[in-house]
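**Student:** So that we are looking at the same thing, I have put the structure below in C-alpha cells.
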Amino acid sequence: MLRISPVTKRLIGTTSQLLWHLPENPELNLEYLSNANNAEEINRNNRARKGVGDIDLVLKLHNTLNELTPRDSNYESIHKQFCNELLKIPNRTHPSVTHLREPSVINTIGQKGVFDFKPREFHDICKRLNFVRTDQLGNVAGNRSYYLLGEMAELEKALINYTVTHLLKHNFELVSVPDILHRDIIEACGLNTRGDRTQVYNLDSNMFGPDLCLSGTSEMALAALYANEVVPERDLPIKLAGVSRCYRAETSSVAEERGIYRVHQFTKVEMFAISKPADSDSILEEFRLIEETNFSSLGLHLQTLDMPPHELGAPAYRKYDIEAWMPGRNMYGEVSSCSNCTDFQSRRLNIKYDNESELGYVHTLNGTACAIPRMLIAIIETYQTDKGVIGIPEVLQKYMKNKTVMSKQLAIPDLRLIKYKK
Amino acid sequence: MIRYLHTITRRLSSALYITGDKAQEHFALLIPYIDFDKQLQNKSKLEHSINARRLNVNLEQVEKRWYFFKYLDEQRITLEFVNTEIGKGIRDLLKRGENADELKLQAKLVKEDLKTLKKYLYGVEESAALKILSLPNLLHPDTPEDKERLLFEHLIQPPSSRSHMQIGEHLIKFVNPFFYFLRGDAALFEYSLMNYASSALNSFTHMSNSDFSRTVVIEGCGTDFRDKSVFTLETRMDDDEYARSHLVGGASLYSFMSYFTKHLVIEKRLPMRLMTTARNYTPNSASDANLFSVNQGTALDFFIALKDNDQEINKEFNDLVSQIIATYKALGYHFRLVYVPARNLKNHESLRVAVQMFSSFTQTYIEVGHCSIIDNFLSKRLLFTYSVDKERKFVKIISGTLLKVPPLLACVLENNGQSNNLLSDFLKKFL
C-alpha cells in the first residue's frame with residue numbers, strides 16, 4: 001500500500017524563526033480514494049458536484065506509482081502529480097442530498113410583510129436618507145467601495161454586537177483573527193488563490209513576498225488556528241466565533257447584485273466548530289438553528305434551503321443556505337449559510353483528535369452568523385415606512401442608544417464633486 | 001535658445017501630480033493646489049520646519065526649480081501670444097491679397113519653439129511640483145524641537161513585570177507579525193474596549209469606511225507606497241498600473257481622505273466630527289515577536305473637518321485632548337500625553353500629541369493613540385474644500401487614533417502583571 005509521507009512540511013511565515021507548518025502532502029483517505037471499486041461512486045459524486053477532479057487519472061497515477069520504486073527517476077514527479085490530483089477530488093456528499101437537482105426549501109419562518117405603498121429598494125432608500133455612499137469612489141478607494149454613514153454605521157455595529165452576544169450565550173469562544181493569510185491556508189480550505197479569475201486578493205509579491213493573501217472569511221484563520229494540533233476528544237466540540245473583515249475579488253455585473261449586494265469588502269461574524277466525526281451532523285443542525293433564531297428575532301422573513309451537490313463547493317459535505325425576503329427587490333437574497341466540511345479541511349490542515357485509543361481527523365463546520373451588507377439590505381427593506389424613516393428592529397435598539405427609528409443623516413453632509421481638476 | 005533644449009523621456013513617477021502630456025494615457029483625478037509663492041512669503045517658517053524635522057531638503061534648490069519653471073512658463077505664454085498674433089497677421093495679409101510668406105516662416109519657427117518648449121516644460125513642471133509637494137507642513141507653535149514635552153500624566157509608573165507575551169501566553173497565539181490571534185479574555189477585552197471607546201466619543205458621527213485606498217490618496221497623504229509604508233495589492237485586470245489598490249483599513253487617515261478627496265462641503269455643515277472603529281493595517285518594520293510590532297490591529301480613528309480658522313482649530317484640539325484624557329482615566333491605568341518633537345512628526349502633521357502607556361517589561365513608553373493637527377495641508381493636495389461667497393477655502397483637519405488595541409492590550413497585561421484580571425469590572429459593562 002502506498003503511503004504519502006506527511007514528513008515534508010512547508011514553512012508558513014514571513015520570518016523564518018517563526019515556525020508554522022502545514023503538511024505538504026496531506027494524509028488523504030487513500031484507502032477510499034485509490035480503491036478502484038469506489039471509482040464509479042467518486043466519479044458520480046464529482047460529476048454531480050461539477051468538480052474538477054479526475055478519479056480515473058488518480059487511479060492511473062496510483063497504478064503507475066505502484067510499479068515504480070522511489071529510486072526511479074520519474075517517481076518523484078509522478079508522485080507529485082498524484083498528490084495534486086488527489087487534492088482536487090471534492091468531499092463526499094451527505095446521502096440525504098445526493099438526489100437533489102435544485103435547492104430544497106426545508107423551513108420557512110415568518111411571512112412576507114404587507115406594505116400599503118410600493119416598497120423601495122435599499123439603494124433608493126439609502127440615497128434618500130443619506131445612509132450609504134457608493135458613488136465617485138472608484139478612483140479613490142476602489143471599485144464597488146462603499147461607506148456606511150451615521151446611523152447606518154451604528155446599525156452595522158449593533159448587528160455585530162447583538163450577534164456576538166448571542167454566540168457567547170451559546171458558549172462560543174470569541175477569537176480575534178488575522179485578515180492577511182498565507183496562501184497555503186486559503187488553499188487548504190478549498191479555495192484557489194492564483195490566476196486572473198481568483199476570488200482572492202494577493203499582496204504585491206515584489207514587496208511582500210509571493211504568498212500573502214487577503215482572507216475571504218474568518219473561517220480560514222479559525223481553521224488554521226488549530227492546524228497541526230491534536231485535540232483531546234473530551235475537549236470537543238470547540239466552538240469559535242470571529243468578527244473580521246472579509247475581502248473578495250469577485251465581480252458581478254448581474255443587475256440583481258447592484259449596490260452593496262455583492263461587494264469586495266465587508267464585516268462578518270463567523271461561527272466555526274471542530275468536532276468528533278460522530279457529532280458533526282448534529283452541530284450543523286445547531287448552527288442552522290442559531291442562524292434561524294438570530295435572523296428571525298430581527299423580524300425577517302426567511303427560508304432555509306438544503307443545497308444540492310452542485311452548489312456545495314469542494315469542501316462541504318452538506319450545506320444549508322438561509323435566504324431573507326427583501327421586499328424592495330421583491331426577491332429572496334442569500335444572507336447566510338452553514339456547512340459541514342467533515343474531514344476535508346482537517347486532513348489538509350492536519351487537525352486530529354485523540355480519544356486515548358486512537359487518533360482521527362476531526363470534522364470542521366462553519367456558518368455565517370451575520371454578514372453585514374445583505375443583513376442591512378434585508379432589514380432596511382423590511383423596516384421601511386413611507387414617512388421617510390426606517391424602523392430599528394426591537395432587539396437592536398438597546399445597541400443604538402434606544403433609538404427606535406433611523407432618519408435622514410445630516411451630520412455627514414451631501415458632498416459635491418469638484419468637477420474641475422485644479 | 002529653446003530650440004537647443006532636448007526633451008527628456010520620463011516615466012510616470014507620481015500618481016498625485018500627472019502633467020498634461022501623461023494625462024492622455026493615465027487618468028488624472030485632480031491637480032493638487034500649489035501655492036508655493038505664498039509659502040515663500042513664510043520662508044523662515046518653512047525652513048524652520050524642514051530643519052527641525054531633520055529633513056534632507058534643500059529649499060534653495062526647490063526655489064530655483066520653481067523659478068525656472070515659472071520662467072519657462074512665461075516663455076510659453078509669450079510664445080503662445082506671439083503665435084496667435086502672427087496668425088492674425090497672416091489672416092489679415094491674405095485677406096488683403098498680399099504675400100504672407102515671411103510671416104508664415106516666422107509662424108513655423110515659433111510653433112517649433114513652442115512644441116519643443118512644451119515637451120521640456122512638462123518635465124520641469126513635474127519636477128518642480130513634486131519637489132514642492134515633498135515639502136513638509138509648517139510646525140505648530142506647540143511642537144517641541146528636540147524632546148517630547150509632557151502635557152498630562154495620570155497615576156504613577158507600575159512596577160516592572162514579565163513580557164505581555166509571557167503573561168498572556170494562553171490568550172495570544174502569535175506566529176508572526178501578520179499572523180496572530182487573540183483568544184478568550186484577550187478577544188473579549190478587544191471587544192469591550194472598542195464598545196467603550198465608541199461610547200466615549202458620543203458626540204461624534206459613526207462611519208464605516210472602505211479598507212482600500214488608491215495610490216493618488218496614499219501619495220496625497222504624503223506616503224510613498226514604494227517604501228512599503230502601506231500594503232499594496234497585486235494589480236488585477238481592471239487596475240491601472242498607476243492607480244494601485246492599497247490595504248489600509250477603515251481606521252486610517254487614508255480612508256477618511258479617500259472619502260473627501262475632490263469634494264466640496266457646504267460651509268454650515270462644518271465642523272464635522274467623525275469616528276470609526278475598524279481595522280488598521282500598517283506594515284511594521286520591526287519583526288519582534290510581540291504585540292508592539294504587528295501589522296494588523298483594531299482601532300478607533302477620528303477625523304474632524306473644520307473651517308479655515310486658527311482659533312477654532314486650536315480650541316477643537318484642546319477639547320479633544322480633554323476628551324481623550326477622560327476616556328483613558330476611566331480605564332484606570334497609568335498613561336501620559338506628550339507633545340511629539342518635530343523630528344518624529346509625519347510630513348503632513350503640524351502638531352502631534354501622543355497618548356502613551358507604559359510597558360512594564362521594556363520599561364519604555366509605548367504610543368497607544370494620538371491626535372494631530374494637519375491644518376489644510378492635505379485638503380490642498382487632495383482638494384477637500386468649502387466655499388464662502390463663491391471663494392474657495394480649504395478645510396482644516398484634525399485626525400488621530402483614540403486607541404489601538406494591540407499595544408494597549410500589551411501594556412495592560414504588563415501593568416496588571418497577570419492575565420486573569422484583564423476584564424475589569426468597568427470593561428465588563430461593555431460586553
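The backbone N, Cα and C atoms fix where each Cβ goes, and this holds for glycine too.
Feature table excerpt (TrEMBL):
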type	residues	note
BINDING	A:Thr217, A:Arg248, A:Glu270, A:Asn366	L-serine binding site
BINDING	A:Arg248, A:Ala249, A:Glu250, A:Val263, A:His264, A:Gln265, A:Phe266, A:Glu334, A:Val335, A:Ser336, A:Ser337	ATP binding site
DOMAIN	A:154-393	domain 'Aminoacyl-transfer RNA synthetases class-II family profile'
SITE	A:Thr368	site 'Important for serine binding'
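In the displayed structure, how are the listed features positioned relative to their neighbours?
**Tutor:** Other C-beta atoms found within 10 angstroms of the C-beta of A:Asn366 (L-serine binding site) number 28, with every protein chain shown included.
Residue environment of A:Val335 (ATP binding site) contains 23 other Cβ atoms, counted within 10 Å of its Cβ in all protein chains.
In the three-state DSSP reading, A:Thr368 (site 'Important for serine binding') counts as strand. Counting every protein chain shown, the number of other Cβ atoms lying within 10 Å of the Cβ of A:Thr368 (site 'Important for serine binding') is 25.
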**Student:** Within its own chain, what residues at least 6 apart in sequence put their Cβ under 8 Å from the Cβ of A:His264 (ATP binding site), listed in sequence order?
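**Tutor:** Listed in sequence order: A:Gly142, A:Asn143, A:Arg144, A:Ser145, A:Tyr247, A:Arg248, A:Ala249, A:Glu250.
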**Student:** Rounded to a whole angstrom, what is the C-alpha distance between A:Thr368 (site 'Important for serine binding') and A:Thr217 (L-serine binding site)?
**Tutor:** 9
**Student:** For A:Thr217 (L-serine binding site), which residues in the same chain are close in space, meaning a Cβ under 8 Å from its Cβ, but six or more apart along the sequence?
**Tutor:** A:Ser244, A:Cys246, A:Lys268, A:Glu270, A:Asn366
**Student:** Inside 10 Å of the Cβ of A:Ser337 (ATP binding site), count up the other Cβ atoms and send me the figure.
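**Tutor:** Summing over all protein chains shown, A:Ser337 (ATP binding site) has 23 other Cβ atoms within 10 Å.
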**Student:** Using a 10 Å radius around its CB, how many other CB atoms surround A:Arg248 (L-serine binding site)?
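**Tutor:** Taking all protein chains shown, A:Arg248 (L-serine binding site) has 17 Cβ neighbours within 10 Å.
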**Student:** In sequence order, what residues of the same chain, 6+ apart, have a Cβ less than 8 Å from the Cβ of A:Phe266 (ATP binding site)?
**Tutor:** A:Arg245, A:Cys246, A:Ala371, A:Ile372, A:Pro373
**Student:** Any idea which of the binding-site residues A:Glu250, A:Glu270 has the thinnest Cβ neighbourhood at 10 Å?
**Tutor:** A:Glu250
**Student:** Give the mean pLDDT for the domain 'Aminoacyl-transfer RNA synthetases class-II family profile' (A:154-393) on the 0 to 100 scale.
**Tutor:** 94
**Student:** Using the Cβ center of A:Thr217, A:Arg248, A:Glu270, A:Asn366 as the L-serine site position, which other residues in that chain lie within 8 Å, going by their Cβ?
**Tutor:** A:Ser215, A:Gly216, A:Ser218, A:Glu219, A:Met220, A:Cys246, A:Lys268, A:Thr368
